[in-house]
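K.L.:
Once you've had a glance at the structure underneath, I'll fire off some questions.
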Amino acid sequence: TVTEFILVGFEQSSPPTRALLFALFLALYSLAMAMNGLIIFITWTDPRLNSPMYFFLGHLSFLDVCFITTTIPHMLIHLTVKNHIVSFVACMTQMDLVFCVGVAECILLAFMAYDCYVAICHPLSYSQIVSRQVCVSLVSIAWSFGLINGILLEYVSFQNPFCRDNHIENFFCEAPIVIALSCGDPQFSLKVIFADAIVVLLSPMVLIVISYARILASILGRNSSSGRGKTFSTCASHLTVVIFFYTSAMFSYMNPRSTHGPDKDKPFSLLYTIITPMCNPVIYSFRNKEMKGAMVRALGRSSLSQAESV
């Protein structure tokens, strides 16, 4: 009976390549943690950012921090040692966290698109539609759905016994790869994951596309051209991040296993586990004037406190 798994990941790479990948991913991880941590601090401490948009941004950054911390530190350890062994319980825990945080982020991105739609298309009734209570309820729904989804899919993935190959051809315990290693019939588990992916990936993506389509239609229908280019740029940036995140996740969880392989799985896994969490702060926050002002105020308070302590 299998009691542990071996993450193959980048094991076949040469030592110089592994060292280069370690430095690159460590830099990307540190940058993503710093940017998302700064957004969390600003949105939760600056009273001027007391609006639904920044409330959602703070929670999105918190989800990104949880997401990359669940996978990337394990990968960095794997790059420094050969035959990175993961216990059965650790693999289950990692898979549960990936599902929980990933699903919660999918749902939260859809809610953020809806918030943007209401703010642009219904500005007069925005405060009534997206009240503080509604924001808390939406974030609670995202977390609750992610938690329930993680427990369900973890159970489905590990319901069959494991008694043969224990080499996972990726840098973390990805469900379809783990299921393919089980001794029982994997078709039922793969069908459940496929059906679940339709709900948690396609449904939010449809809501996102509809929201941004109505935003663009509303902007195009106005006589004034002021702000039109900025709105187009913002919508295009948001949709780019969403498309990267959703298409990479769809490839991992909705494609037949015959189309997969180590050379295909790892790039897509990297795309939605580290690239998207790193891009989210830049796309959603750092291009915003109010966020830049909040950062300047936060840095100013930090400099002042250091000066007073000296």
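Keep in mind that glycine also has a Cβ here, set from the backbone N, Cα and C atoms.
Pulled the feature table from TrEMBL, pasting it below:
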DOMAIN    35-284  domain 'G-protein coupled receptors family 1 profile'
TRANSMEM  20-42  transmembrane segment
TRANSMEM  54-79  transmembrane segment
TRANSMEM  85-114  transmembrane segment
TRANSMEM  134-152  transmembrane segment
TRANSMEM  192-215  transmembrane segment
TRANSMEM  236-255  transmembrane segment
TRANSMEM  267-286  transmembrane segment
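Surface or core, plus neighbours and distances: that's what I need for these features.
P.N.:
Same-chain residues lying 6 or more positions outside the transmembrane segment (54-79) and placing a CB less than 8 Å from one of its CB atoms are 7, 9-11, 18-19, 21-22, 25-26, 29, 32-33, 35-37, 39-40, 43-44, 86, 94, 97-98, 101-102, 104-105, 108-109, 111-112, 115, 132, 135, 138-139, 142, 171-172, 273-274, 276-278, 280-281, 284-285, 290-291.
Below 8 angstroms of C-beta separation, residues 103, 106-107, 109-110, 113-114, 116-117, 120-121, 145, 149, 152-153, 156-157, 175-176, 179, 231, 235, 238-239, 242, 246, 249-250, 253-254 of the same chain, each at least six residues beyond the ends of the transmembrane segment (192-215), sit close to that stretch.
Outside the transmembrane segment (267-286), and at least 6 residues removed from its termini, the chain residues within Cβ reach (under 8 Å) are 25, 28-29, 31-32, 35-36, 38-39, 57, 60-61, 64-65, 67-68, 71-72, 102, 112, 170-172, 174, 237-238, 240-241, 244-245, 248-249, 251-252, 292.
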K.L.:
For the domain 'G-protein coupled receptors family 1 profile' (35-284), report the average pLDDT of the model, please.
P.N.:
82
K.L.:
Please indicate, using numbers and ranges, the residues of the same chain that are 6 or more beyond the transmembrane segment (134-152) and have a C-beta under 8 Å from a C-beta there.
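P.N.:
Contacts of the transmembrane segment (134-152) (Cβ under 8 Å, skipping residues fewer than 6 from its ends): 52, 55-56, 59, 95-105, 107-108, 111, 196, 200.
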K.L.:
When you scan the chain for residues with a C-beta under 8 Å from the transmembrane segment (85-114), skipping those not six or more beyond its ends, what do you find?
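P.N.:
Non-local partners: 2-7, 53, 56-57, 59-60, 63-64, 66-67, 70-71, 74, 138-139, 141-143, 145-147, 149-151, 153-154, 157-158, 162, 168, 172-175, 178, 200-201, 203-205, 207-208, 211-212, 238, 242, 245-246, 249, 272, 284.
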